[in-house]
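Here is the structure we will look at.
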Amino acid sequence: MSITLPKVRVPYLLLFPGFAFLFTFFILPIVNLAQTSTQTPIPGGDTGQYEQSFAFSNYINAFLDNRDQFARSFVYATLATIFALAIAYPLAYAIAFKSGKFKNILLVLVVAPFFTSFLLRTIAWKQILGEEGFLVPTLRSLHLMGQQTTITSTAVAVVAGMTYNFLPFMTLPLYASLERIDPRTIEASGDLYANGITTFRRVTVPLSLPGVVAGTLLTFIPAAGDYVNASILGSPNTKMIGNVIESRYFKIVDYPTAAALSFTLMAAILILVTLYIRKAGTEELV
Amino acid sequence: MGRGFPKGTRQLVSIDPINARGDLRLTRITKSYGDFNAVDDLTLTIPKGSFFALLGPSGCGKTTTLRMVAGLEEPTVGSIHLGDTDITTTRPYQRPINTVFQNYALFPHLTIFENIAFGLRRRGVKDVKEQVDKVLNLVELPHLAERKPTQLSGGQQQRIALARAIVNRPALLLLDEPLGALDLKLRRQMQIELKWIQREVGLTFVHVTHDQEEAMTMADTIAVMNEGKIEQMGTPADLYDDPETAFVANFLGQSNLIKGKIEGNDGDNLVIDLFGQKISMPKARSHAVDNSLYAGIRPEKFRITRTGSAVRGNTLTGGRIEDVSYIGVSTQYVVAMPWGQELMVFEQNDDGVPPFNKGEEVVISWEPSFTFGLRGDEDVEAGTEVNPEETPE
């Protein structure tokens, strides 16, 4: 007994579970969120009761009230992305080209942090950067840091935490694109009078560009919306837009503002990412 | 453009290796990987301006040799000179040597123009555009300058890889199985083209291949390599007509090797006993060291006649046709001899004589001067194994 399906239907059947999932858990909530974002409190109603009044001014007010947090989010996310790239590129390069038989072990080590919860790892960073950790006393004794200066509750801690937490998302796509480079193109470059540095600049880097683009997006996008690092490692002065959205939703119960901020963040990220991909000009993005 | 010499070189002469010109000399080169010698005490001179082929089966050390000349590997022992300049330890980018890589290794992110211009730009050449255009015309693909390598066919990529190397006018151009990825017809065409281009540009070409026909078509001189050593070196005709070892006799074309004994001299000829039948061959073509030898005859040098008809030269009687394959230009016979050996005979289909039939009794004859003699202790199977990975298509 065999069941033969008309060929045309197979792709749709395969797509169905994904579509159903996205529709239920992405499209519907987005529509709902959009509706919420233009609501205003019901006059005389309780906290958390809102009615639809197409108040697009919610967007303007939400943005104007939280300009600093928006700016901070993008600055921190950019910094974390740059640092992650600076750490991940040599790492991925070494794993792809120099690790020999240790390649698989090193790749497992890159993803090993995922075996522990994101929250737990961030809390651990609080310990590492704290007064009792090894870092601060060491830096102080070397006079690289003032006796009164601390790291926790500063922007440094938040950016460091984000860099650490998103590092695997940068490393893996970079590794994938570096590993795909045909070693003979590297040899060909040397054969054509390019020394090591020139070969790296003219051949290795351009060929790993799809990995750089993918890695920076996978780091930047979640980093821009992150609030865990800022709330655990930061202070009120390092609040990011994610923290504002979180407190609007869960503490102040100001759903319209939270929704408006969420949409603004989404739009801002979309615009930045589009500009970035245009600029990077990688048609063959992974 | 003095870039200086890398650390540890013994170089004292003030010639920058990038400007070195002249014959390529490999002196007692050994390359070891652990206990295994990929190249074993190899000494070789490749004259300037020649088209030289390193021919051998996979694992014979030919590619390792090429990579040492390119600077991609360093010899364990020995030295490499280009003219009077020792280039043994110089880096690849400091050598006036360019390579056409197997599978081409074009830069996928650059246009064809920029691929070809790569070497020129690194050396700071002024008229890049002019030179690239010139070489694109030479390989007859000027219209592809702005394409990316992936948009080209295999044959086009091959020509671009060649153009990218020769545009630099290196002292030495290395070709690593350059035609291996092309189909048979295109390969034949490219062989002729490569040869023409080599004459046109007048560079020294060193060509590595496992394809004996390719080597014979293109090269002035062929070095046959086996197990890290050179078995024999010479012109294609020398190697084919007078192989010195069973490996060369079998690797270049096909050979019939018949065990025999040297009975004595007859002027400039040797008298040989082959299973009771006497033949003669020129003394100069024997490489035997004692009185045992293998008499070698190429299949197309044999003539087949019916028993009883008149024959000239050396004859072997008592043959029986075992198998007949008609392949158009010739008919190939397998002839079983009384001593149990089967001989290959290729007959041109040019005499109107109907082909022999299976089971017919025949006499085999040939010109004595076509015979070559190998040492009696040779492994007659050497060089006959076909590596399936290397069989084209």
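Placed from the backbone N, Cα and C atoms, the Cβ positions cover glycine too.
TrEMBL tags one of the stretches A:145-167, A:214-236 as transmembrane segment, and that stretch is A:145-167. Listed by sequence, the residues of this chain that lie at least six past the ends of the transmembrane segment (A:145-167) yet keep a Cβ under 8 A from its Cβ atoms are 76-77, 79-81, 83-84, 87-88, 110, 118, 121-122, 125-126, 129-131, 135-136, 139, 218-219, 222-223, 226, 229-230, 232-235, 237-238, 240. Cβ atoms under 8 Å from those of the transmembrane segment (A:105-125) belong to residues 91, 94-95, 99, 157, 160-161, 164-165, 167-168, 171-172, 175, 228-229, 232-233 of the same chain, restricted to positions at least 6 beyond its ends.
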